[in-house]
Amino acid sequence: MNLLILFFGYLFGSFPSGYLAGRIAKGIDIRSLGSGSTGATNVLRHIGKRAAIIVFLLDVFKGVLSILLAKYLLLNDSWQVAIGLSTLIGHIWPVWLNWKGGKAVATGLGIFLGLSWQVGLATLGVFIIMITLFRIVSLASVSASLALPLIMFLSFSGSNISLPFLIVSLLAMLLVIWRHRENIVRLIRGKEPRIGQP
């Protein structure tokens, strides 16, 4: 039963919201433009603000939904984390799109809002601060992912620490950094575009 739920978690994550936005709004394949990502940032740059907001909310919802399902079924922390990871993997490597999906940020946010809304909101706060200061989405995304494990650790007190939650925060951080490796190179070179730039 739990393995079946992992499969459905992957299917939730692999729902191609950004790809569908491109096809419906402009008849384009968003994967062929810009970063090639199906995430909200690439949608914003090549389709528009309204489509980007919808894609962002749908991607967050995918993460939240998978964790809420796990909690509804009274699954323990380890299984909640496993389902969250399967959803994140589905978002990054969707079978429907030849394994080419998003960069794990919005769906990752949804997963951590589901696991611990306080951690999710605090991590979102880091993103908002960085995007306000620098107006570079990738910098804000990487900064928030780096802060995530520390925020998760600080959210627990004493013996109340959930090892699965800490592990998944580290894995999510690594996935986000890996998916942004090209952005990081451009950041180092000072060539990463800000919001409003192509």
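Yeah, the Cβs are placed from backbone N, Cα and C, and that goes for glycine too.
Note that the coordinates shown come from a computational prediction; the quantities given were computed from them, not determined experimentally.
According to Swiss-Prot, the transmembrane segment annotation covers 1-21 (among others), on the basis of sequence analysis.
Per Swiss-Prot, transmembrane segment is recorded for 53-73 (among others), and the stated evidence type is sequence analysis.
The transmembrane segment annotation in Swiss-Prot covers 79-99 (among others).
As annotated by Swiss-Prot, transmembrane segment applies to 111-131 (among others).
Among the features that Swiss-Prot reports, transmembrane segment is placed at 136-156 (among others).
Through the fold, the transmembrane segment (158-178) approaches residues 77-78, 80-81, 84-85, 88, 92, 103-105, 108, 111-112, 115-116, 119, 141-142, 145-146, 148-149, 151-152, 184 of its own chain, all at least 6 residues removed from its boundaries and within a Cβ separation under 8 Å. What Swiss-Prot records for 158-178 (among others) is transmembrane segment.
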Note: vs the transmembrane segment (79-99), the recorded stretch with the largest number of Cβ pairs under 8 Å from 1-21, 53-73, 111-131, 136-156 is 1-21
